[in-house]
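Chemist: Annotations per Swiss-Prot:
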| type | residues | note |
| --- | --- | --- |
| ACT_SITE | Cys154 | active site, nucleophile |
| ACT_SITE | His395 | active site, proton acceptor |
| BINDING | Cys8, His10, Cys87, Cys90 | Zn(2+) 1 binding site |
| BINDING | Cys38, Cys41, Cys59, His64 | Zn(2+) 2 binding site |
| BINDING | Cys51, Cys54, His68, His74 | Zn(2+) 3 binding site |
| BINDING | His178, Cys183, Cys188, Cys191 | Zn(2+) 4 binding site |
| BINDING | His246, Cys257, Cys259, His262 | Zn(2+) 5 binding site |
| BINDING | Cys275, Cys278, Cys317, Cys320 | Zn(2+) 6 binding site |
| DOMAIN | 145-435 | domain 'USP' |
| ZN_FING | 6-113 | zinc finger |
Amino acid sequence: MPGDVEGCQHLKLKPADVENYQKICTQIFSCHFVPRRCSTCKRINKRSIRCLSCHSVGCLWGHHGEEHAMEHTHMIGVDVKNGHTYCFGCQDYVYQTELETLRFKIKNIKAWQSDHKRLPEKYNQMVCLEAYRKYPPVCATAGLRGIQNLGATCFMSVILQSILHNPLVRNLFFSGFHTSTDCKRPTCMTCAIDDMFSSIYNSKNKSTFYGPTAVLNLMWKLSKSLCGYSQQDGHEFFVYLLDQMHTESGGGTSMPCTCPIHRIFSGSLKNVVTCLDCKKERVAVDPLMDISLDINEPTLQGCLERFVSKEKVQYSCHSCGSKNAIKQLVFDKLPPTICMQLKRFEQNNFAMSTKIDKQVSYPAFLRMRYNFNQDDVDYQLYSVVCHKGTLDTGHYIAYTYYQNQWFLLDDTTIVEVKESEVLNSQAYLLFYHERQILYSDEMTVKTEN
């Protein structure tokens, strides 16, 4: 297990690197003039990385930055939009204390703002960064903060954002169901999540972003599969996080579980097998923590209908011995919060993982029915996780609904966006919460962000 939670194996700072980083950040945050055009394709891109070792600029998603890095062994670069450090060897943003401290100081020095009036002649060919910022920057506020990338941890950040903006989870932690100051466990993930809620929703906290070092340290200690700086899957971390908090909140193995985490995220799914000859049914009920959908339809509704559609199976009937049967999945109980995974990663005939880039449309409001004859349940979309790039060289971003407005969260960067952008994005994970929650027979509470 790594002994340090910052940097990466490729980030070995030299004095010249720190000096170059200071110059790049000064250009970004003082005069807003910085080389943004890719040195190879000459295009201006949303994500451009400037080499820390030389003056080359490469587009991130066009792979020209990566080609330069591999050719010259210049693995470390700087995002010209925000000054964050990017490693082409790890294929993700990385965190280093000295550089991040320097970036933060430069960003807040007001004296540099007038320097653009005295730019040397060589800067005439540079591109004004402000002219190509699609959206105005959003100031962090209580409840809305970016999460720092500590080195290939964007998969973790997007899931933490979905947890932070789930109104049921938020109310659960605000109710004091678990407080880190009272917990006696030496290692407790729920304590780390409680501290995260306290920090991010604290109006007196003036930090523009949150550093999830405690969550990362605990994840490395408690989960071998998620340990290290290699590329990880956001859905796998989501499943791990719920299971860990379920265990720490007193949840057992018997189902249905009544722990607070399962009350929010867990439902049940019926697996019904019907013999085609004698019509006898075999019914098995399994817990439902999320829904993994094959991308065979252009809409989410179509994918859900395919998920519960009947299919012929080979089955040995205990009553008549027939081998012919029909299997169907039925939503037995729908949870207050649903996570839907669009299965974008699959293995081909050569046992290699590939990514499916097919577009699937999904609504802001979703109506679902369970157990055939039950009433419909209305859900509202509150968080979307997207995976950019390829399986091995990708990056996670999230959209979240907060105070009646959608925001794009890209590590520490926060921008306000229109709902149309969210609904047109290529989603990997969709998070819906029930629009109306019945806490008891006498009380109905609406969940509103």
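Each residue, glycine too, has its Cβ placed from N, Cα and C.
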Chemist: Using the Cβ centroid of His246, Cys257, Cys259, His262 as the reference point for the Zn(2+) 5 site, which residues of the same chain not in that list have Cβ within 8 Å?
Modeler: Ser249, Gly251, Gly252, Thr258, Pro260, Ile261, Arg263, Ser266
Chemist: Quick check for the class: what is the C-alpha distance, in angstrom and rounded, between Cys87 (Zn(2+) 1 binding site) and Cys188 (Zn(2+) 4 binding site)?
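Modeler: Checking the Cα atoms of Cys87 (Zn(2+) 1 binding site) and Cys188 (Zn(2+) 4 binding site) gives a distance of 31 Å.
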Chemist: Fewest other Cβ atoms within 10 Å: which of the binding-site residues Cys41, Cys59, Cys257 wins that one? Let me know.
Modeler: Cys41
Chemist: Select the closest residue to Cys191 (Zn(2+) 4 binding site) from the following recorded positions, measuring between CA atoms: Cys51, Cys154, Cys320.
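Modeler: Looking at Cα distances from Cys191 (Zn(2+) 4 binding site), the smallest one goes to Cys154.
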Chemist: Can you see whether DSSP assigns Cys278 (Zn(2+) 6 binding site) to helix, strand or coil?
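Modeler: DSSP call for Cys278 (Zn(2+) 6 binding site): coil, neither helix nor strand.
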Chemist: Mean pLDDT over the domain 'USP' (145-435): what is the value?
Modeler: 88
Chemist: By CA-CA distance, flag whichever of His10, Cys41, His395 among the recorded positions is nearest to His178 (Zn(2+) 4 binding site).
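Modeler: That would be His395, the closest of His10, Cys41, His395 to His178 (Zn(2+) 4 binding site).
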Chemist: Counting by DSSP, what is the helix, strand and coil composition of the zinc finger (6-113)?
Modeler: 41 helix, 21 strand, 46 coil
